[in-house]
Amino acid sequence: MNDFLVFSEEVAQAKAEKKPIVALESTIISHGMPYPENVQTAKDVERIIRDRGAVPATIAIFNEKIKIGLTEGELEQLGTSHDVEKVSRRDLPYVVAMKKHGATTVAGTMICAEMAGIRVFATGGIGGVHRGAEQTMDISADLQELARTNVAVVCAGAKSILDLGLTLEYLETHGVPVIGYQTDVLPAFYSRTSPFRVDYRLDSAKEIAQFLETKWKLGLNGGVVIANPVPKEEELEESYITAIIEQALKEAEKQHITGKSVTPFLLDRVKTLTGGKSLQANIALVKNNAALAADLARELS
């Protein structure tokens, strides 16, 4: 057993009883949404997973330990503190060794989930290749993690502030399958559609579970992107959100915002420019992904 892992009572019991478990990231709480919506969404997502017969395991770093499953107090702390680090692969040893509090990104959560023996993870959207990456080389560590870590990631596609075409090219190069759940095209986070096709369409959690079992039994390491479109009633029109993202990107460039700060800045500007509609879509798609992830975890267990 990894000395750095600490399981909540609920998750430890689920592991002992071989119950289905769904990993959840924590940067969505610390950096992805404003308070109090962030903490409320985290609680709602955990409830949805429980209601569908699985056990939620929100992951974060506290006091030199990787916590697999958080208390309500810890969720609150992540949602209100201003000194929580974003933790991806490179940051994990620093945050643990220096006894800092950390919220795990998609990549960070995948690493910790695999350490904990959890194979299904629900999030909002994965990171990817940023627009203008030909010059900046700004490519999310999430993509490398998907190529090497055996965790299935249920998401609403890549965040639409990214270059979706190049993100798909990168995933293809690294052998990461992109499955569309009941869709032939890649959802673009806030929108159900984009100009890009997924690799394979599968229409049930059972089919996706069969795909995953086969991939890993073949000894093919790496994750899978399971792209689940935002619910129709909450989606934002593709052309509408694209124009707003373009404006936010120009503002980020003008203000010389780079690196880790780009995504939180863009999400915040998009929220303001849509009058809060993007936040509502974000909350809806995270809940939708949690439901599918719970169904998938049940099929795999």
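Keep in mind that glycine also has a Cβ here, set from the backbone N, Cα and C atoms.
Swiss-Prot lists Glu25 with the feature active site, proton donor, giving sequence analysis as the kind of evidence. As annotated by Swiss-Prot, active site, nucleophile applies to Lys159. What Swiss-Prot records for Lys86, Val106, Ser140, Ala141, Asp142 is substrate binding site. Swiss-Prot lists Asp138 with the feature Mn(2+) binding site.
Where Swiss-Prot records a feature, it is marked here on the structure.
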residue: Glu25; record: active site, proton donor; CB count, 10 Å: 29
residue: Lys86; record: substrate binding site; CB count, 10 Å: 20
residue: Val106; record: substrate binding site; CB count, 10 Å: 28
residue: Asp138; record: Mn(2+) binding site; CB count, 10 Å: 17
residue: Ser140; record: substrate binding site; CB count, 10 Å: 24
residue: Ala141; record: substrate binding site; CB count, 10 Å: 16
residue: Asp142; record: substrate binding site; CB count, 10 Å: 27
residue: Lys159; record: active site, nucleophile; CB count, 10 Å: 27
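The full span of the recorded substrate binding residues, Lys86, Val106, Ser140, Ala141, Asp142, taken as their largest Cα to Cα distance, is 13 Å. Other than Lys86, Val106, Ser140, Ala141, Asp142, the residues of this chain whose Cβ falls within 8 Å of the Cβ centroid of the substrate site are, in sequence order, Ser88, Thr105, Ala107, Gly108, Ile126, Gly127, Leu143, Glu145. Taking the Cα of Glu25 (active site, proton donor) as the reference point, the closest of the binding-site residues Lys86, Val106, Asp142 is Val106.
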